[in-house]
Ligand SMILES: Cc1ncc(COP(=O)(O)OP(=O)(O)O)c(N)n1
Ligand SMILES: Cc1ncsc1CCOP(=O)(O)O
Ligand SMILES: [Mg+2]
């Protein structure tokens, strides 16, 4: 099962509501190509027909309200969307009609328990500089509360905010204001050559507004997503491609933050392989689901003390200096346990990696238990990781520490690294894998793969298809450990994703004979695929 695409059999339906670009590089044409390339079935609702080439927009004719409504209703009754991308809306009455229609549909969908992500790319001007929508003063406020994400570029954001965005701070403020005005997350794109501060590299600002299914600490956070600028004039349809890729990835069940980073990687790869067709700017190539980590952006939380995006050259140099201890021998079947009795039992059974996970920070015998676990690890020549309690792990020289994304904010990684401890980091998405990977940990745990009762999770079970995608992205970088709901019945399917290692809790701690359970699971894990 090395090919992750083999795992997602059914193509989810995605709609694009946008204008036709007769030149084929942008609009509906770019959207359909992108959505299809990203393994979705694309339906189209055409808002306007443009007579357009790579150098000019000769004529724009919007479709009638009757035609717009008829396309929406016809599709809704047979081909309901898993996600919607909205592009060119040619005039205010189209905005009003669509917002009204979406509001009614949303109520129907919510009654059925369906939440459909809606991504709005507020298209105003074509790459050649010609206006596409009539009237600069389009009012998008009817969409308030109906959108998941709006994706203006810096010039569009300046128009929407009715202000110049000559500084990073002004851009952050305008994006946050827009997110409040429309009650939506915002992706302010700095990919086009805009003001001086976004010329050096492509810096996009993601303002998260109550994003579903991600860590509490990220739901309302803002992030810079930075990539090196791809130097090419063939950038016609970049915004359409990005927003339709975001919709397509969300239709596959990925959270918003994941969809944004995958779409950015998709656009970066597309720009690198872009090509010229007419006399003007050419278009992006379609390069399928991105699998090259190098195409993904660097992610940085926006903080009040340091609001600026990271400079990529320096951050990469620093990251390689700061790598954590490498894992030479595979972690293998990795038990995670809450007490010393079971820890010793499993070491006796042959566990070579084990984690002590005591969740109560006030546990009376916490430090003593940590000392004891580390000492048992030495006796049995096993690698003992301590969960959460990184200061005690340093103090007593554990082999390593395991931390979650939330723990990262409160811990001192430099101290851990100089004490030469190994570091495992949790992740629950592409986005968190990128965040974790930037610290160059010793391994990244990914989960939960299947439902679990061991821990209350903010995210949904990831499943095998997603696991396979992450494994393929991270192969050769550092070990990926799958965790969550893994037991004797699911082990073989997890192994088939080619993940490096597996961590288990209940499959061992709730077994009637934990030693026998470890031996059996370990044998199955070590066996050839
Ligand atoms: C191997 C492994 N993977 C993931 C976790 C979870 O860590 P974290 O997200 O910090 O959650 P808690 O375990 O602290 O509840 C883990 N402990 N081990
Ligand atoms: C700590 C943790 N982090 C992600 S899933 C999980 C618990 C996994 O436990 P189990 O193996 O019992 O499902
Ligand atoms: Mg933790």
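Here the Cβ of each residue, glycine as well, is placed from N, Cα and C on the backbone.
These features come from TrEMBL:
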- 21-282: domain 'Pyridoxamine kinase/Phosphomethylpyrimidine kinase' (DOMAIN)
- 340-508: domain 'Thiamine phosphate synthase/TenI' (DOMAIN)
- 355, 356, 357, 358, 359, 387, 426, 455: 4-amino-2-methyl-5-(diphosphooxymethyl)pyrimidine binding site (BINDING)
- 388, 407: Mg(2+) binding site (BINDING)
Going through the binding-site residues 356, 388, 407, 455 in sequence order, which have a CB under 6 Å from an atom of ligand 3? 388, 407
Near ligand 2, which of the binding-site residues 355, 357, 358, 359, 455 have CB less than 6 Å from any of its atoms? 455
Enumerate in sequence order the binding-site residues 356, 357, 387, 388, 407, 455 whose Cβ-atom distance to ligand 1 is under 6 angstroms. 357, 387, 388, 407, 455
Counting other Cβ atoms within 10 Å of each Cβ, which of the binding-site residues 357, 455 scores lowest? 455
Can you tell me the mean pLDDT for the domain 'Pyridoxamine kinase/Phosphomethylpyrimidine kinase' (21-282)? 93
For 4-amino-2-methyl-5-(diphosphooxymethyl)pyrimidine, with binders 355, 356, 357, 358, 359, 387, 426, 455, what's the maximum Cα separation in whole Å? 16
Select one residue from 355, 387, 426: among these binding-site residues, choose the one with the most other Cβ atoms within 10 Å of its Cβ. 355
At the Cα level, what's the spacing in Å between residue 387 (4-amino-2-methyl-5-(diphosphooxymethyl)pyrimidine binding site) and residue 407 (Mg(2+) binding site), rounded? 10
Pairwise Cα distance for residue 407 (Mg(2+) binding site)/residue 355 (4-amino-2-methyl-5-(diphosphooxymethyl)pyrimidine binding site) [Å, integer]: 16
How big is the gap, in Å, between the Cα of residue 357 (4-amino-2-methyl-5-(diphosphooxymethyl)pyrimidine binding site) and that of residue 388 (Mg(2+) binding site), rounded to a whole number? 8
Listed in sequence order, residues with CB under 8 A of residue 388 (Mg(2+) binding site) and six or more positions away: 357, 358, 359, 361, 402, 403, 404, 407
Taking the Cβ of residue 356 (4-amino-2-methyl-5-(diphosphooxymethyl)pyrimidine binding site) as centre, how many other Cβ atoms lie within 10 Å? 28
